[in-house]
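Please find one structure pasted underneath; my questions will follow.
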Amino acid sequence: MIGKLKGTLDEIDEDHCLVDIHGVGYVAYCSARTLAALPSPGEAVVLFIETYVREDMLRLYGFQSALEREWFRLLLNNVPGVGAKVALAILSTLAPADLANAIALRDIAMVSRAPGVGKKVAERIVTELKNKAPAYAGAASGTIGLKQELGEGVAPAPITDAVSALVNLGYSRDTAANAVAAALKTAGEDADASKLIRFGLKELAR
């Protein structure tokens, strides 16, 4: 089982790249985001690898980060009807943090922006992964957890009121949730809505 490739980038194609390791070329299929982040051919490259084995095929999928690979696994192993091609399309359209945000907020429209992902598939992704998003949110896990509470309507009243107030001021729901999450760290978990709004506006002014 191959978990990582470290070698020289030989070439980049539309949906894959070729990595040379001591004279052996490895083809790794990648998301558009990973391909865009690759260095120029001839330079050193490191890819996190998921080895996909079927009766008639062995294929390597490459990712620029371990977190992106974890999301690929999450989509592939937990959402019926989502194969490798669709999972890569999703990760080409949404960065892991954006995907976690969309799932936490139950933003079907955001998830369905990926090619090949219709409304039904997007709904299935949100339903199947809503409880897993915070654990796979990377550094933004606290913010994702708050957004999940907002999406489920179970966030404490001061938080809900603060987010609503910022939205009424013209900020997007996602931006408002980020600001309030940051405000919570400064103002404390027991802060009232007015304090969260005040600290949230300070965050937005930075």
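Placed from the backbone N, Cα and C atoms, the Cβ positions cover glycine too.
From Swiss-Prot, here are the annotated features:
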REGION    1-64  region 'Domain I'
REGION    65-144  region 'Domain II'
REGION    145-154  region 'Flexible linker'
REGION    154-206  region 'Domain III'
Please work out the helix, strand and coil residue numbers for the region 'Domain II' (65-144) from the DSSP assignment.
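Secondary-structure breakdown of the region 'Domain II' (65-144): 58 helix, 0 strand, 22 coil.
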Tell me, roughly as an integer, the mean pLDDT over the region 'Flexible linker' (145-154).
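Residues in the region 'Flexible linker' (145-154) carry a mean pLDDT of 54 in this prediction.
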